[in-house]
Amino acid sequence: DAFSENLPTKALQELDRPKLQLLALSSVGIGLTYFLVWRRKAKKSIPLGDGWWGHGQQTLRDDNKIYPFKVETSEDEINDLHRRIDQMRYTEPLEDCGFQYGFNSNYLQKVVSYWRNQFDWKKQVAKLNEYPHFKTNIEGLDVHFVHVRAPHRPGQKVLPLMLVHGWPGSFFEFYKILPLLTDTKDDLAFEVICPSIPGYGFSEAPHKQGFCSLDAARIFLKLMERLGFNKFYLQGGDWGSLITTNMAQMKPQCVSGLHLNMLAVTKRGVGMLLSLIIGPYLPFLVGFTREDVRRLFPYFEKNVYDLLMESGYMHIQGTKPDTAGCGLNDSPVGLAAYILEKFSTWTDRKNRDLEDGDLEKKYSLDDLLTNVMIYWTTRSIIPSMRFYKENFKTNPQNRVDARTGIFVPMGHAAFPNELMHCPLPWARWRFKDIRSYSYMPRGGHFAAFEEPRLLAEDFVKFVRKVEGKKR
């Protein structure tokens, strides 16, 4: 059991009694001091605030109506795509090279050939429209969302749920998990709302500077209120993890539970230092399990060097997104390479050593290219990249949400190939009511897209724990 594994190790037996006592007392003393200091600084909730992100001056009154929306395409749009694809110039990859330098151009030509000659965008548009789409104006922006209602069978409890995507994903990431949550014969089902983050997909991009995760969280809270929900569950990964966490911090009274498949460590203090020093040798002393040790250590190699190797995009998008975005917004092939390389490496970093990035092992080209087409047809790559700059304008450690605990019931699905691993003791620094913490058997960053059944099962398990405790 992930919560109860607490076995002595050989290293413990090799320590003499005085050293062991000193180590234990030092750990407890420093940890207690750190906890008390952090607790004194921590806040209980975040002010909701307000904003206006539309063109020009704020109007006197929002349009609160909700309008049906349909994804559409045209022959002109498809012909323009094909013309640009046909004009692509390729650079020969280095010999014996996989994805270590980025998307391998030999394999890219195969993907593009499929895109140009076999991919049916009209068919995929029909697939996108299988679920009902809507738009509504909030804080000056037309916010897009998919709203899927459960059939509501006799004796079935239906709970509202919002799923929030990240970058470089979209609402389409959730299309495989939606039927597992809504159309189920179990006693529990969900009415699901999947919004597009403003600036992503079919949601209008902010027209003013400063739109960060806190603003997205507030807009999504307003969306749920407009839909008539005053109590609901939240689930997210990547930016969706931060946005849903911010929602729980702003209106904890509205959030029945928060389930995440990505946790970022925001508190890097004495407690973390102690964990890193003691963890590899006496993991049970700092609350680590054997699986934590396997995923975390050697720490520099797995959590510092690897992240540095994979975070170049973040520095570009966090500083000058518009510059790099010009090329991506003009070239569909460049856009596909930029986005799909992440779906290769973030699914499993070992894929960097393969010429095809093992891209089609977990995903179909139709699904991958549909996600790319959502970015291409909406011209949303630049505003989606700007979201990084807006969130990194200030030191994340100094933001109000970094100093605010999360007190709603929380569950975490820890996938083994996620970009970073957050052990349960670290998660408890911020999340004060963790109901479930699961070491998932397989999967990476795009959990809903890659392993929808695993994620759905863990989410339902978490909800059952929360609902059971309510009764």
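Cβ atoms here come from the backbone N, Cα and C positions, even for glycine.
Owing to the predicted nature of the structure, the values given are computational and were not obtained by experimental measurement.
Positions annotated as transmembrane segment by TrEMBL: 20-38 (among others).
DSSP labels the residues of the domain 'Epoxide hydrolase N-terminal' (67-174) in these numbers: 37 helix, 25 strand, 46 coil. Per TrEMBL, the feature domain 'Epoxide hydrolase N-terminal' maps to 67-174.
Annotation source TrEMBL lists active site, nucleophile at D238. If you take the C-beta of D238 (active site, nucleophile) and look for same-chain residues 6 or more apart in sequence within under 8 angstroms, you find H165, G166, W167, G169, M262, H445.
Residues or ranges marked as transmembrane segment in TrEMBL: 270-288 (among others).
The active site, proton donor annotation in TrEMBL covers Y388. The Cβ neighbour count for Y388 (active site, proton donor), using a 10 Å radius over every protein chain in view, is 20.
In the three-state DSSP scheme, H445 (active site, proton acceptor) falls into the coil class. The active site, proton acceptor annotation in TrEMBL covers H445.
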Give me the count of other Cβ atoms within 10 A of the Cβ belonging to H445 (active site, proton acceptor). 23
So what's the average pLDDT for the domain 'Epoxide hydrolase N-terminal' (67-174)? 97
